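To keep things clear, I will list the structure first and then write my remarks on it.
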Amino acid sequence: MATTKSFLILIVMILATTSSTFASLEEMVTVLSIDGGGIKGIIPGTILEFLEGQLQKMDNNADARLADYFDVIGGTSTGGLLTAMITTPNENNRPFAAANEIVPFYFEHGPHIFNSSTGQFFGPKYDGKYLMQVLQEKLGETRVHQALTEVAISSFDIKTNKPVIFTKSNLAKSPELDAKMYDICYSTAAAPIYFPPHHFVTHTSNGATYEFNLVDGGVATVGDPALLSLSVATRLAQEDPAFSSIKSLDYKQMLLLSLGTGTNSEFDKTYTAEEAAKWGPLRWMLAIQQMTNAASSYMTDYYISTVFQARHSQNNYLRVQENALTGTTTEMDDASEANMELLVQVGETLLKKPVSKDSPETYEEALKRFAKLLSNRKKLRANKASY
């Protein structure tokens, strides 16, 4: 009798734990963050194609899209462009680009975006005209509020000297941020040295006009928008009734996938003190930008990893990054076909590499694990909505 009673208690405990697990999964906030890096966006593009393919297989749905699974998708520079591609609706209110269309986009348009050199010593390397043209063609008149999920795209206003973050959830307080997606995408990609800054205005319903003078979002997030995306997700969890059980900064109920565009094992380029001693201001400016981007990426990953580990939620965070780029693959504007093919190979090879030295799990296996969580959560939410 005692054995039977103990068995029943055990069953109740298992059911309670299972119910709690599913409830936790259902209310988990899912976040996708994509780094900047110019043409190196091909690397996360390759990873996204794999992830979306896994979701389609698991849900037996060829029309499944990443925006169906992530509560927040954020990006800066080329990552902001990818964010727009997979969240901007087409005429059927579905993402205008599937993940398997990202890499072909770079192959088709990259050589033109990074080919219209101004030829000026003083001024940006490229005029940005083709970039704006293709953004207007692809994104049309779509504005932030129409995005299919919450977005977080960063830029920096050189007139106000403040970062500008474009999100859906902030429009009630700041309606002037409901800009056209092509203006936002050009702004977040307008890297100093490479493209001209972007000026545009928005008009609110009460007739107010707001002016923007924007440059690359990497100035605000230093290339890695993961912390920004996580901050937006935290605010979403606090304000959206669907996540009422989530406490502030409860990373146990956060699922974060952060995609890098690759870096060298130390920095994009390495130097010696003897070399640097001969540099002038311009050479230092270029080197500092490269060093800052690389160092910031490492520190952001270190900080997020530490926080998730402290909350015993390390499996809820995955940083996918290639840290051993060499040669032309380190360049953000080498859009030659040969280099783009190399970048595809980098992404495909990365999938087979271990996530860390201490873990035998490969990125491919980790992404499949994430895909399973995303798929199960979507099904749980769909079941709840049907009641």
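Glycine is no exception: its Cβ is also placed from the backbone N, Cα and C atoms.
Residues annotated as signal peptide in Swiss-Prot: 1-23. If you look up Swiss-Prot, you'll see 32-230 marked as domain 'PNPLA', on the strength of sequence analysis. The motif 'GXGXXG' feature in Swiss-Prot is assigned to 36-41; the stated evidence is sequence analysis. Residues or ranges marked as motif 'GXSXG' in Swiss-Prot: 75-79. Taken from Swiss-Prot, the feature active site, nucleophile covers S77, and the record attributes it to sequence analysis. Feature annotation from Swiss-Prot assigns N-linked glycosylation site to N115; the stated evidence is sequence analysis. Under the heading active site, proton acceptor, Swiss-Prot lists D216, citing sequence analysis as support. Per Swiss-Prot, coiled coil is recorded for 322-385.
In this structure, the recorded positions S77, N115 were compared by how many other Cβ atoms lie within 10 Å of their Cβ, and the smallest count belongs to N115. Counting only same-chain residues 6+ beyond the ends of the motif 'GXGXXG' (36-41), those with a CB under 8 A from a CB of the stretch are 75-82, 102, 106, 110, 114, 188-189, 191, 194, 216-218, 221, 223, 225, 260-262, 329, 331-335, 339-340, 343. Within the chain, the motif 'GXSXG' (75-79) has long-range Cβ neighbours (under 8 A, six or more residues past its boundaries) at 33-41, 44, 152-154, 188-189, 191, 216-218, 220-221, 223-225, 228, 259, 261, 332. Comparing the residue listed as 'active site, proton acceptor' with the residue listed as 'active site, nucleophile', their Cα atoms are 6 Å apart once rounded. Other Cβ atoms within 10 Å of the Cβ of D216 (active site, proton acceptor), summed over all protein chains shown, number 27. For the motif 'GXSXG' (75-79), the predicted model reports an average pLDDT of 95.
Note: the CA-CA distance between the residue listed as 'active site, nucleophile' and N115 (N-linked glycosylation site) rounds to 18 Å.
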